[in-house]
Amino acid sequence: MSEGKSPAKKRARRSLSISKTKKNECNSIISFFNNVPPAKLACPICSKMVPRYDLNWHLDEKCANNDNITPVDLRHVGFTDSSGSTVNLTNTVLENVTPGKLSPSKASLTPDPSDSAKMGIKQQTSPYFKNNKDLVFKNQDKLRHHNVKVITLGSLSSKLSRRYTEARRSICKKNEEFASKSPQSPSSTVVRSPVDNCSEIEDKDQILENSSQKENVFTCDSLNEQRTEHSVEDTKVLEAESQEATQECGRSPLTPAFSDNAFVLFSPDLTRGNPLRSTSEDSLEWETITGIDGKDVEKCEAGSCEEVKVTVASEAKTQLSDWEAKCHSSTPDDSKGCNIQDLLLEGDSDLKNEITCRIPLEQGSSCDVPDKTVTVPPSHPYYLRSFLVVLKAVFENEEDRMLFDEHEKEIVTKFYQLSASAQKLYVRLFQRKFSWLKMNKLEYEEIAPDLTPVIGELQQAGFLQTESELQELSEVLELLSAPELKTLAKTFHLVNPNGQKQQLVDTFLKLAKQPSVCTWGKNQPGIGAVILKRAKGLAGQALRVCKGPRAVFSRVLLLFSLTDSLEDEEAACGGQGQLSTVLLVNLGRMEFPRYTINRKTQIFQDRDDLIRYAAAAHMLSDISTAMANGNWKEANELSQCAKSDWNKLKSHPSLRYHENLPLFLRCFTVGWIYTRILSRTVEILQRLHMYEEAVKELESLLSQRVYCPDSRGRWWDRLALNLHQHLKRLEPAIKCITEGLADPEVRTGHRLSLYQRALRLRESPSCQKYRHLFHQLPEVTVGDVKHVTITGRLCPQRGMGKSVFVMEAGGPTAPATVLCSVEEVALAYYRRSGFDQGIHGEGSTFSTLYGLLLWDIIFMDGIPDVFRNAYQASPLDLCTDSFFASRGPAIEARLQRIHSAPAESLRAWVAAAWQAQEGRVASIVSWDRFASLQQAQDLVSCLGGPVLSGVCRRLAADFRHCRGGLPDLVVWNSQSRHFKLVEVKGPNDRLSHKQMLWLDELQKLGADVEVCHVVAVGAKSKSLT
């Protein structure tokens, strides 16, 4: 090296200068623009050309819902010749074939993708998936004495080199010559292997480097993830026995049965070395297992599948001999083409066992052949299957079926009589917001390329209405887009035609109300009619689901999900949440606890009762939406309308029946819903600073005890605040506090809040003349706990919100600065204090332990009406007093055992419940709260029986009011088993009344509790240095 000599093995450097002596001139810049990535890529499932960036969406929404593609095993699929016979590949093994060395990146049997432009603009199918050419094996003898060696793709620099480009072009040229020389059969079927697709994709390196759809492209390296070289030696070709088909599979006009023109496609999962999974929405898992006798058996795992026996009969000898003849007649160069195709069946035995093909197969068709079964998934997409499950569940129950009249039952019957495409489209439209939709904006290719006949069928059946029935100007204006509204505004010469959409809509509505200037001609249309006509002309064809059938299906969904939270009953969502739950359960991704459904009490007396409840539930949903959006005036108008409707219903006879229902069923009555609306009205009036009206509403709510008794504490507390703070009425405020403390429904935090307000009023100088009113107050005492103070660096931030702290992390060698919450600052402090374990879970930590220790009691049988459907995460009476009352002896016995149990027993009980119920959806259990079962067992060992039994008793007695306020942190030392329960308070934060009560209760149970105050260091306005 000192003499300036290069090393012997050093590769000669390539000059970077452009020299005239070079053999190959640099390509023109035009070639760069000619080789840009294509705008569309071929879908690996259905072979359609789709936009590059829509490939994921296409696979999820269209290919996955293609009913005509059914996964079956390759060894059950026969290649078909022109005579209609098929080759049975089930027991065919290609042996004694050792393909020669060949890199999959430098061989392809398909034309260059750039040639697709020459085939015409109208082409919508990738040339790689054309099924009009057959694969020809030529030179079988050559194949028997060669090894296949899969070479890795190499570095990026080698792929970009000119030498690599030249070699690739020469290989493509040879492949084109091979394709032109090979005889083709017009009736043959092309079978594409993943290796072929790898070659095609490699010819578009630029696509791989620039596209965002890399996960949908086959990769050659994944074929040989564990090994880089595969070879098969000393094998023999066995001839398969042929047999005649005993029965021909039935055909369907929509889903053709297995035939000679059925194309075969491979899933991308093959190239990743994974077992093939169906891309349909059925989530079926297909496995191939070999029995004792060597025969392959197909196993389908799914919630519900139909098995169809399909005969795969063929003349294997004739077809196989044809292949051998073609391979023997091929040239040596052409043998490479056979090698690529043979890699699929011969290169790797493990890969061969995972191959699954797709053929169109009609559901329900069958051909009787022994030991040959193919499981066909349900033909409907997931949303239609879930919708049908809901309909079946409701109308199979006599109590629910009686809530619909004959006309409504006929509507459901008509829906069942619709075609599959019409049912799919209706469910899609039903799940969308209830409004008019432009027909040219609807695009559901998985349903039908042209939706016009499907829409016509739905319109004729009475499920859809078209623009001919669109007569409301406000609805037409909402249908128009912003550019269309501006065009319409210019037509009518509005003052500000380029304004916002809502401003233009309001202007048009005001203009339509103006009287016409022309006084002659009474038959002349007014300005509103003219605007309506012009607007409908701009909107074009439109449609909307009819209100009548939609209301019927909405009530069906309401009955099906009656036990769900009423906040989820969004009128505009079309039951999306309920259908999603059904889907997840059917797919096995969601599982509810095991319990016995026991429905004894009828909630709704008749159809009108259900309709009133549904109307009130939708009104509550509309008011909640307006409040969430900050539209307080609109929310006030809606609440006043609801109040008027409720006043008309107060004398209805059905309300007396509702009053006698158990409390946990009374919440599904119309009176309960309107009471919740009036409670929301109080908040709306307070937001609008209408405190006088708010006080009247609160007094009206407190005057009844039938509905929402669990909210009485909040109502009393709010009434006292309005009278004391906002209206300055001291004597009524004191009387309110006295009555509130005497109310047995006022509990925990609200009771303490009222008592503390009374103490403040008693000490106030302005209340000296009312001190005699405080003599009858019941005393509420709460003990204090230990307080500690730590400091933390506050992150500079603007506006409101939780405080964010800056904390140093990492070791001395790799220091780092992280942003964290106030609870994480406290956890770091206690970690330095010797507590090696800690959880920030607030109430979910203790409710999870409560659910694990009392799981069998919470979901026990024998209690009527607490479990009314199969999708409940908790019993209906969990948050009522009847929960403890109906399970009193069992709960008392369990609490006694927990109180006196040693640590080993507690660990065993938690482990038994965890292992038996893990993953099931239960509202009180958060399975991700603990990192593992071991951590949960360690915590119960540290807490001990007395603390656990005391917490469980309080939660079981009044879960509604006691589930909140538990300490933020639980920290413990895994060696000494010392634990501490900590409530963390950041800057400008203080303890709530519920937190005070829980800290006092836990301290009485013997737990080490304390309040950790985190004081900020630094000002929010200052920046970090």
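Placed from the backbone N, Cα and C atoms, the Cβ positions cover glycine too.
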Matching range for Swiss-Prot feature annotation, coiled coil, among 429-451, 475-497, 682-704, 866-888: 682-704
Region 'Disordered' range according to Swiss-Prot, out of 98-120, 328-350: 98-120
Per-state residue totals over the domain 'VRR-NUC' (903-1015) - DSSP helix, strand, coil: 56 helix, 18 strand, 39 coil
Distance [Cα-Cα, Å, rounded] between Glu983 (Mn(2+) 1 binding site) and Glu842 (Mn(2+) 2 binding site): 9
Length of the line joining the Cα atoms of Cys46 (Zn(2+) binding site) and Asp968 (Mn(2+) 2 binding site), in Å: 53
Neighbourhood of His58 (Zn(2+) binding site), C-beta criterion under 8 angstroms, separation at least six: Cys43, Lys48, Val50
Number of Cβ atoms other than its own within 10 Å, given for Asp968 (Mn(2+) 2 binding site): 23
Distal contacts, the coiled coil (682-704) - CB-CB under 8 A, six or more residues away: 623, 627, 632-633, 635-636, 639, 675, 711-712, 715-716, 718-719, 722-723, 726-727
Integer Å distance between the CA atoms belonging to Asp968 (Mn(2+) 2 binding site) and Val984 (Mn(2+) 1 binding site): 6
Cys43 (Zn(2+) binding site): tally of other CB atoms within 10 A of its CB: 21
Binding-site residues (Glu842, Glu983), the one with most neighbouring Cβ atoms at 10 Å: Glu983
All-chain count of other Cβ atoms within 10 Å of Val984 (Mn(2+) 1 binding site): 23
Neighbouring C-beta atoms (10 Å sphere around the C-beta of Cys46 (Zn(2+) binding site)): 21
